[in-house]
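The structure appears right after this line, and notes come after that.
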4 protein chains.
Amino acid sequence: MLDDGSTAARKDRQLQAVLDSAGDDGRLEGGFDALRLPHRALPEISLSEVSTRTVFLGRELGAPLLISCTTGGTPRTYEIIARLARAAQVRRLAFGLGSQRVMLEFPEAARFFQVRALAPDVPILSNLGAVQLNYGVTVDDCRRLVELSESDALVLHLNPLQEALQEGGNTNFSGLLGKIEALCRQLPVPVIAKEIGYGISGEVARQLVDAGVWGIDVAGAGGTSWSQIESKLASSPRGRMVGRAFAAWGIPTSRAVVSVRRALPQVPLIASGGLRDGVDVAKAIALGADMAGIAGPLVKAAAASEEALMEYVDALVQQLRVAMFCTGAADVSSLRQVEVIWEGQASTY
Amino acid sequence: MLDDGSTAARKDRQLQAVLDSAGDDGRLEGGFDALRLPHRALPEISLSEVSTRTVFLGRELGAPLLISCTTGGTPRTYEIIARLARAAQVRRLAFGLGSQRVMLEFPEAARFFQVRALAPDVPILSNLGAVQLNYGVTVDDCRRLVELSESDALVLHLNPLQEALQEGGNTNFSGLLGKIEALCRQLPVPVIAKEIGYGISGEVARQLVDAGVWGIDVAGAGGTSWSQIESKLASSPRGRMVGRAFAAWGIPTSRAVVSVRRALPQVPLIASGGLRDGVDVAKAIALGADMAGIAGPLVKAAAASEEALMEYVDALVQQLRVAMFCTGAADVSSLRQVEVIWEGQASTY
Amino acid sequence: MLDDGSTAARKDRQLQAVLDSAGDDGRLEGGFDALRLPHRALPEISLSEVSTRTVFLGRELGAPLLISCTTGGTPRTYEIIARLARAAQVRRLAFGLGSQRVMLEFPEAARFFQVRALAPDVPILSNLGAVQLNYGVTVDDCRRLVELSESDALVLHLNPLQEALQEGGNTNFSGLLGKIEALCRQLPVPVIAKEIGYGISGEVARQLVDAGVWGIDVAGAGGTSWSQIESKLASSPRGRMVGRAFAAWGIPTSRAVVSVRRALPQVPLIASGGLRDGVDVAKAIALGADMAGIAGPLVKAAAASEEALMEYVDALVQQLRVAMFCTGAADVSSLRQVEVIWEGQASTY
Amino acid sequence: MLDDGSTAARKDRQLQAVLDSAGDDGRLEGGFDALRLPHRALPEISLSEVSTRTVFLGRELGAPLLISCTTGGTPRTYEIIARLARAAQVRRLAFGLGSQRVMLEFPEAARFFQVRALAPDVPILSNLGAVQLNYGVTVDDCRRLVELSESDALVLHLNPLQEALQEGGNTNFSGLLGKIEALCRQLPVPVIAKEIGYGISGEVARQLVDAGVWGIDVAGAGGTSWSQIESKLASSPRGRMVGRAFAAWGIPTSRAVVSVRRALPQVPLIASGGLRDGVDVAKAIALGADMAGIAGPLVKAAAASEEALMEYVDALVQQLRVAMFCTGAADVSSLRQVEVIWEGQASTY
Ligand SMILES: Cc1cc2nc3c(=O)[nH]c(=O)nc-3n(C[C@H](O)[C@H](O)[C@H](O)COP(=O)(O)O)c2cc1C
Ligand SMILES: Cc1cc2nc3c(=O)[nH]c(=O)nc-3n(C[C@H](O)[C@H](O)[C@H](O)COP(=O)(O)O)c2cc1C
Ligand SMILES: Cc1cc2nc3c(=O)[nH]c(=O)nc-3n(C[C@H](O)[C@H](O)[C@H](O)COP(=O)(O)O)c2cc1C
Ligand SMILES: Cc1cc2nc3c(=O)[nH]c(=O)nc-3n(C[C@H](O)[C@H](O)[C@H](O)COP(=O)(O)O)c2cc1C
């Protein structure tokens, strides 16, 4: 795609579509409502001693939470990511930048991704579509993105359906695995592979990890639905029809987490896609995730106000803490041992 | 039935009922919503190299799609099938004529089935109710139908329930198998057996294939519902009551496809009945079908306008292509290997 | 209960409550919607040769249908049962009288149960609450009821919940089995045991048959709901509350049929409770019943008009016939061999 | 918490929230609707001989019912518990006082818990949050509570989630088991451990019984939902958000009963949480409970009027009696032998 002005414009329209939507419009559920955590009436711990702390990418976090990649790169979106980054810093959460591709053509966009000064102590993740490696982006380009934004890692998002639903999307995904492998070998920071709302299966995750990818963010179905967004944004009736057919596409987040964890017992694993409160976060971790990512609701809250954002973030952490307390899990690694009950298989109490 | 003028009139009323209906009115689902295709975040192919091409009845098709048998035989309906046939030609899809029985009594109706000039390169399927073989229709009659419409095959539809719900329907289905066998032996083109919305089971398919039938179109429950149409068209309260009782009758399309494929691993198999978009088409093929047929929505689009029809057809093909891309299937035979996930058995990711 | 005038009055109020109700108000389903019959696209029979005929209690019937026990005994209700009896005679169906208990105290009520002249050729079933055997009713009483109404059999209804929900109901059901045994031994006609909407299990059916009962009418849950009727008729809030708690009580009809047939492979078995059309009737027979009984809808139709009643009856028979045709069952005994598919276990196609 | 005036005030606001709510607001079901009791058409008993009598804590009861712990301690709430206690006495039911913690700081509150004179013959249960043992409450304090209210037992409620959702809640649950053990050893009356709406699992129950607890009241999820109440009462948006995330938290009552009974075949076991009528009570007992507790609906009825309360109580007992009658269970211990049918596993009829 030559016209990168239009890329930025499209990103803006996408963001606006998310901000305008009432909620998650897809027809799939992440699957968290069908899960239950076992209540312990006698937790034998104190809520105040429950620690949500964890370490991610070598940095101490206040909670196993990632403010997931959404936006950045323009004055308007910088305001939003600045709020998100400040929240990340204050509560010690990981923070993901939106796709930095625009920086590669318009170097002046770089400063609208620079939040390190606002969030000096937490992991910042750079972000780029993996498919760009097939469209001229080099290892050096990636290195530059990471350096300019002083990131701790690079998130490569895999978004075949999203690209396919966009007019003029970048849909050549052939031979990507080899290029990802080369990138992982040469980049000084770890690479995380991530979907954007349709999930990564255990099988694909294994290919990625074999290629040198450090961690996986499943970004499964059940939350922000790109087929719905792209179908709303489509300029032609055909575009809208194509998008709508994929309303129920993808691997529900809970399934993806289980699938990846089964395939790769040790890989750093982020659950995201449709997590909406700290109880969902607790379920995701009990299913096997190390971290939980949230995008849509946080970008909405940040667009509303700094206060709304902090309310949401603090509620998340408190919900997680209370869920841990009520399952008797004093820390994140204990939470990971808690058995999850799938609805209809409640015989395990 | 002697009064064939009334047959044509009834066909017109049926068509109108379909055009007037908001959608599929039956109480059964084809079962496609309960199926999921496994998303591959890393398809390792390019969307542009995904090929939906296939060969059907010796002709190359742009996609494994059949514009299913609906109408023809009168000036008004000719307009519709002409549009359908032109679309079939432009996009290289198979095209099925509606029942040609009227031609047997009114030879002048023949020209309102002649679309070969409009669709010189694609398979055209003639159509006749199998039960007519019990009502005086001969092998020579069938040969004539096929010749006059320059068809590649003859579709014999099996519609016991539809006939039973019509006042004065042709309901003597005894001894048909033997007559079908004789017809298959003598007709110069292959015979395809097809239901019209209630499905063909593996057991029945096997009988038909043993009798010499070349291919099966399951035409299962879940789409256009004849019990609803006939019950609306019925002139008496009793007729309406009888029709309504069959609103949930039949074998859901997805089940019928699985059943026939299991019984007959090699038979040319068309999935139809309730397929509504290219994702459904992809699911049908992954379940084991070679082709996917669509009737109701296409005849509606064609009745609306040539543009509406092309929009629908192009959306179908694009949805199929994107679904293939996102499962990593570069061609139709790879799609056939993709594992389908039945809801509630999602452990296979 | 001393005040038998009030018994007749209560029966009238019950009847009125049924006539006033929109449909089946209980919270349970008979389970027929979750069943499917296997469609045969090639039935190899003619609809006209499908025979719904059967023999019941030594009489030839046009269809395996029982107009189930509802009412009688007063001038007003006689009009209704006269219509029902005439329909039974014209279409050759079995006919059941409502409870004849009132005759035991008011012999003059007898003539409002006499429909033999209207239905000379079909089985007429007398009806009495089994519990009356604990309230002074003798074998001779029963013999008299049967003789006066020239019945072919006596239906003893077992209605512990209905009696319990009525103010002043007859709720002493102890030692009944022995009395039923004595009655069966001495009565010149066969005895059929029947619930009135909560079902008879295989275990109870076996006890009854061991005691000499000839046939079982399961009268299961899913149709006319006595807990709802009694709770509407209750004079006190407490009465209403008690009734409502039993809205989902009972054995769904489909389950009861399977349970009794499994326990007693040979017993004459009537399925009733919530059957609403001839497709339900076909399912009931395929599940193992010999006859299908319908009460609520028929009494409503009869109360409306003779025409409405005949429409309903003829629709029932035609629906049954068409269902048989479409499963390839030429007669009732073939229908009994048809395999029923339970939803969610559709692998058997 | 120092400010006990505010404790009383909060209790009042909680009570008001329950009285104001339309019904049970949680998103979980106790699971009783998915259970069925097997109907016996021939119960072979008389309704009048069905005995709901049982013995609890050495006292004869008219029914295995506990008016569960809700309120007391202020003039206004005393009115309510006085009504409840009188009903308990008249119908011979067990009666539970609401949390008596306020008595420990305001001894003058004691008289607003004194209902022994109103209910001389039935078990009265004292009530205290187990967590108070971590906040300075001693064995002597407990003994005093029990003595002043002349109770037969002390109910220690375990409410980690409720405390966590309250601003300033007492959330130090560490080391409680040891203190409970000491209390059980020294208290002259038996101790019952109880949740308040999120359930006790078999595993936790075993720990408690090993520590000397006499009986378990599961108080499972499905009825009065404290997360909903606390989220309504929360003063901050964050408080409301935190509460709402727990709307579907907890062990459904039916599951908890099965789990505890499996773990502890002999323990005195009270089922509560979402039981709403005597059919639910019958199901709970058939599942393995000895007693059934009801709180929300009874406190509402009592707040309305003495008549409303008696209607409700009498309906409960009558529903239980009728359910027993229709399963052929003449007494509570026979009811305990009745097999419960879980929906979807109805093969056991
Ligand atoms: C406005 C918006 C923009 C997004 N942009 C990106 C992006 O640039 N790169 C990326 O990897 N994911 C992007 N995502 C996807 C999210 O990171 C996340 O995977 C997805 O929204 C599912 O999480 P959610 O349900 O919590 O929103 C975006 C999401 C939103 C809502
Ligand atoms: C208006 C209309 C007319 C039809 N006429 C015929 C016909 O003449 N012969 C035939 O085999 N099927 C006929 N069908 C059935 C279709 O071919 C197809 O099997 C059925 O409609 C299910 O597919 P759908 O759900 O995509 O509509 C007709 C369908 C429609 C909607
Ligand atoms: C108005 C009315 C009166 C009834 N009276 C009797 C009766 O006297 N004796 C009896 O055995 N059943 C009686 N029944 C029960 C029916 O025979 C039948 O078992 C029950 O209604 C379930 O069938 P349905 O769902 O088709 O109505 C009565 C039903 C109705 C609707
Ligand atoms: C207004 C109200 C106050 C309550 N207070 C107490 C209490 O002080 N101590 C306690 O153990 N449980 C308390 N409960 C919980 C009940 O005892 C019971 O466990 C819970 O409400 C679930 O039962 P239900 O669904 O029948 O209401 C209270 C319940 C209500 C409705």
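Glycine too: its Cβ is placed from the backbone N, Cα and C atoms.
Long-range Cβ neighbours of B:Q162 (substrate binding site) (same chain, at least 6 residues apart, Cβ-Cβ under 8 Å): B:G169, B:I196, B:G197, B:W226, B:E230. Feature annotation from TrEMBL assigns substrate binding site to B:R10, B:K11, B:S99, B:Q100, B:R101, B:Q162.
What TrEMBL records for B:S68, B:S99, B:N127, B:K194, B:T224, B:G274, B:L275, B:R276, B:A295, B:G296 is FMN binding site. Following the DSSP three-state reduction, the secondary structure of B:N127 (FMN binding site) is strand.
Taken from TrEMBL, the feature Mg(2+) binding site covers B:E163. For B:E163 (Mg(2+) binding site), the same-chain residues lying six or more positions away in sequence with a CB closer than 8 A to its CB are B:G129, B:V131, B:G169, B:N170, B:T171, B:F173. According to DSSP, B:E163 (Mg(2+) binding site) is assigned to a helical segment.
Annotated domain 'FMN-dependent dehydrogenase' per TrEMBL: B:179-337, in sequence order.
For the domain 'FMN-dependent dehydrogenase' (B:179-337), the model gives a mean pLDDT of 97. Neighbours of B:Q100 (substrate binding site) among the binding-site residues B:N127, B:T224, B:L275, defined as a Cα within 10 Å of its Cα, are B:N127. Of all Cβ atoms in the shown protein chains, 30 besides its own fall within 10 Å of the Cβ of B:L275 (FMN binding site). Its Cβ placed at the centre, B:Q100 (substrate binding site) has 29 other Cβ atoms within 10 Å. The 6 Å Cβ screen around ligand 2 retains nothing from the binding-site residues B:R10, B:K11, B:Q100, B:R101, B:Q162. Among B:R10, B:K11, B:S99, B:Q100, B:R101, B:Q162, the residues given in the record as binding substrate, the maximal Cα to Cα distance rounds to 17 Å.
Highest local Cβ density among the binding-site residues B:K11, B:R101 belongs to B:R101, counted as other Cβ atoms within 10 Å over all protein chains shown. When each of the binding-site residues B:S68, B:S99, B:N127, B:T224 is scored by how many other Cβ atoms sit within 10 Å of its Cβ, B:S99 comes out lowest. Under the three-state DSSP scheme, B:A295 (FMN binding site) falls in the coil class. A Cα-Cα distance of 11 Å separates B:S68 (FMN binding site) from B:S99 (substrate binding site). Across the fold, the C-alpha of B:L275 (FMN binding site) and the C-alpha of B:K11 (substrate binding site) stand 23 Å from each other. For the pair B:A295 (FMN binding site) and B:S99 (substrate binding site), the Cα-Cα distance reads 13 Å.
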